[in-house]
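K.L.:
Let me give you the structure first, and then I'll get to my questions.
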């Protein structure tokens, strides 16, 4: 907290110190000296005092006059119109406080007089009621006595005869008295209503006592009266809502009462807390303000903000301390309920094996599959290399086998990893003339990580340089031992070109499948994995699904990762429509709401509501993870990036034909760069380059890359107008090489020094024009004129300058070669000594590389 003295405060507000001390004394502050310290609270007190002392209220107008004028046109016969102007004037007068007090005093006196009158009236009614009660009892007592004596002496009833005429007289008197009370009650009711309008309060309640008494009297007399009448409505009955319709007829209306009542005790809420929850969400569930939760957390010693995320334990502690009931839920509860609903019931049957062909690039994986499928696939791939996962099922003489062909290029690591996870057996293709290569080792690691058995196919065995023993040795180093050497991995010599050994390879694969005893339940709902996905312009999102269990049928509602949809159509690998697909069958499905990621699990769900709920939940989780990764402004990263220069960034908008290629390119391009340059893929997707992609590239100064896709007319128009850089590729090598070249250009160039020659000083001469001249012998390289030099004494640089004069004998020379003598004049330096070395060098710019 910053503290200043009275003198400093006076200088700050530009006021004399004595005047400031006087104002502080008036404000009640204890300061008497200019050197005393003034705290922030005392400043606030002084400011409040000054505001109140200088505040002047403006005279408010006592009378406000409002005038309103409206003009209208009135048409009369003969096509004439008359203008009518209506003026209205309202005057609002503000009364003085004396008038208001006088009126309040007058109202109090009237209220007090009304209370006294009501009290006197109530006393009079009570006395009258007592007198009437006494008269009735006196009139009824003589008549009751002869009745009690009627049994022993019937003649004794004669004295009671004179009392019979008195009964009607008492009833008439009671009726007249009741009529008078009814009129008085009506008058009291009207007075009470008028008093209540002016301000009821306690007096109004007291005024209501007299009508209540009249109600009780009337109820008692109603039992005796021969012709009962309706009791007069009182103020209490009116206030309780017993108002009738016109003329007092109709049913009584229900009282309009306010619905909210303050709770008599604390309200206990059911609070549902996930693994994380924000302070605002927690406060909303407890029906309290967020500031209350923040205040409570401060009391616990944990300063938080209203948007801060709390863990489950902390949120549970806060909710329980505030007296609420807590229910802990897991973030995977929705996923768990989905897993429970997917029941696989039925008899298990044998299924075909799923075989993945893996290996180094150009080792003949696809060519081997071509021979098995009797089709030419490799020729259709750009550059002759596989850039997608291909899924095929083949009917052989020994049964059906499903093959997955994976890319061998280094960029497709994720594709190969997914292929190993979705497979039962891995065929590792190794070229006999090339041996074990980096992607071969990677394929072995993927197979081991997935726990999948290997079958090694030594391809190109018909080539002259084929060496099977070399392959066995190199794979043994990687932990893959041949059966011939006592291991458990079969090695098969094949030639994809000639077809040699293909039958033996299939036999080895089916033998491994029999050992694994692969089972599936065809009657269960379908479950599988996404092999590949793409966005077709005419058909929408298309996903290649490998069914692993159950049966997938057309019309099923499927959940695929964070996407869902109903299967509108299914196609096999040849493009023919099918109605259903059983275990180990790859199919393409149409009808999803987006392109799922390759490797996402597919499952058939019962209804669309469940699928949508889980898909939205997964999308939310993915969005949270993505935002958490992109949030680089965290406190722990601030100090790491402090002092570092900002990297140069190459922004790229990347569109590919399939999801797997997009993932592979994003991973490969993001790994390029160093501490000075980096690649950032700001936009990526599956499908053609659209107008929105071109606008994104324009806004972010990015380069547009299309991999096996093209731009539409709108995108091409924007590219031409704005001069954007858009490039098409169909081979992954080319796009990576071009990005490397672009990053190299962004690095700039380095300045490198090349030593041209070294001369040793043998003697020093004096020249009137140049000063000290060094007589030198060139001992290394060539000495050039007008080049930068360094003077070294005992191999330590003592001066750096420029060679001003170079002579051989008395003639100027442009250069002096090794082993020759010369005279050297150093510009602005005269301290040359015998034994020094003069080093001549040049600075050249060299392009930097990654």
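Note that Cβ sites are derived from N, Cα and C of the backbone, with glycine treated the same way.
Small disclaimer: the values here were computed from a predicted structure and weren't measured.
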K.L.:
Which of these ranges is annotated region 'G3' in Swiss-Prot: 397-400, 401-404, 405-408?
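P.N.:
Comparing 397-400, 401-404, 405-408 with Swiss-Prot, region 'G3' matches 405-408.
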K.L.:
Choose the correct range: of 351-358, 359-366, 367-374, 375-382, which one does Swiss-Prot annotate as region 'G1'? Give that range.
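P.N.:
Matching range for region 'G1': 359-366.
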K.L.:
How would DSSP class residue 365 (GTP binding site) in three states?
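P.N.:
Assignment for residue 365 (GTP binding site) reads helix.
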K.L.:
Could you tell me which of these binding-site residues, 359, 362, 365, 461, has the fewest other Cβ atoms within 10 Å of its Cβ?
P.N.:
362
K.L.:
State the three-class DSSP label for residue 359 (GTP binding site), counting H, G and I as helix, E and B as strand, and everything else as coil.
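P.N.:
Reduced to three states, the DSSP call for residue 359 (GTP binding site) is strand.
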